[in-house]
Amino acid sequence: MSNIKIAGIGAYLPSLVVTNDRISEFVETSDEWIVQRTGMRERRISEGENTSDISTKAAKLALERAGIDAKDLELIIVATISPDMFIPSVACLVQSNLDASKAACFDISVACSGFVYGLETAKALMMSMNYKNALVVGAEVLSKVTDWTDRSTCILFGDGAGAAVLKRDEAPGIIKSYLRADGKKGEALTIGATDFDTPFSKEKKLAKRTIDMNGREILRFAVSAIDEAVTEVMKDTNVSFDDIKYIVPHQANYRIIKLAAEKLKLSEDKFYLNLEKVGNTSAATVPIALNEMYEKGLLNKGDKIILVAFGGGLTYAATLLEW
C-alpha cells in the first residue's frame with residue numbers, strides 16, 4: 001500500500017461567537033464595512049482554551065472517524081503560529097493528551113500554509129519511515145496574538161482547529177503537492193517573539209508580540225500565489241479542472257479568492273468558502289473547511305480536490321488529492 005490517504009477529518013471551534021457588531025464596540029468599524037472588505041460576519045474566539053486544547057479536541061474527532069486508536073499513531077505534526085509555549089511543542093502536548101506514546105512529534109511554523117505543508121511533510125515521513133498512520137493538525141488561538149485596537153487586523157482573525165488522520169491505502173490519496181516560499185517578503189506579515197535584552201546585547205530591541213500585516217502587499221502576493229500553486233500542482237497529473245470537484249482555499253479574505261478565481265479563469269463556485277462564519281484561523285482554515293464539507297456530505301469517495309494556502313513567511317502551497 002504505497003498511497004497516503006486522509007482517513008478521517010475533524011475540527012473544533014470555541015463556543016464564543018464574536019460578531020462584527022461586537023468588534024465595532026471597541027474599534028471604529030461596522031458590520032457593513034467589514035463585510036464589504038472581507039466577506040466576514042463573525043468568528044469564534046477562545047475564552048481560555050489554548051492551542052493544545054483545541055488541537056486535541058479536533059484530533060479526537062478525526063481519530064474516531066478514521067477508526068484509529070491514538071495509541072497506534074506513529075507521527076503527530078501540528079501546524080501553528082500560536083503555540084501554548086515555545087517548548088514543549090503543541091504536538092508533544094497533544095501526544096500527552098491523547099496518550100499517543102508511540103508517535104514522533106513536532107510543530108511546523110508556516111502560518112496559514114501550515115496544514116498543507118504538514119500534509120506533504122507527513123506523507124514524506126510516512127513513506128521514508130514506513131509509518132502506517134499519522135495525525136496532522138492545523139490549530140490557532142490567534143486572539144492571544146491579535147492587537148484588538150488595530151482595526152486592520154482584529155476584524156480578520158479567529159480561533160479554531162482542524163485535524164486529519166492519514167493512513168496507507170491502496171486507493172489514491174495525496175497525488176501531488178507544491179510548496180514554495182518568498183522570504184524576501186516576510187516583513188509583510190509578522191508576529192514578534194521575545195525582546196532582545198541581555199547583558200551582552202548592544203541595544204535593547206523590544207518585540208511587537210501581536211500580528212502586524214501589510215494588507216495590500218499580502219493581497220497582491222496571495223492572488224499570484226494561488227494562481228501559481230494551483231497551476232503547478234495540476235501539471236503532469238492528467239487531471240483537468242473539469243475533474244476537480246472543489247478547490248479549498250485558505251479563508252483569508254473574500255476579495256483575494258474572487259481575484260484568484262478570475263486569474264485562474266474559474267467560477268467562484270469551484271471554491272469552497274466558509275470565512276463568513278469562521279474568519280481567518282490561519283493554519284486551521286483549510287482543515288476546518290474540509291471538516292465542514294465532510295459533515296455536509298459534499299465529499300464522496302473518489303472526489304478530486306485541491307487544497308491551496310498562502311501566509312506568513314511568506315509561504316504558499318497546494319495539494320491535489322483524491323478523497
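Cβ atoms are placed via backbone N, Cα and C, with glycine included.
Record note: among 196-200, 251-255, 296-300, 251-255 is the stretch given as region 'ACP-binding' by Swiss-Prot.
Look at Cys112 (active site): DSSP puts it in a helix. Rounded to a whole value, the Cα-Cα separation of Asn280 (active site) and Cys112 (active site) is 9 Å. Counting residues per DSSP class in helix, strand and coil order gives 2 helix, 0 strand, 3 coil for the region 'ACP-binding' (251-255). Cα spacing between His250 (active site) and Cys112 (active site): 7 Å, rounded to the nearest whole number.
Counting every protein chain shown, 33 other Cβ atoms lie within 10 Å of the Cβ of His250 (active site).
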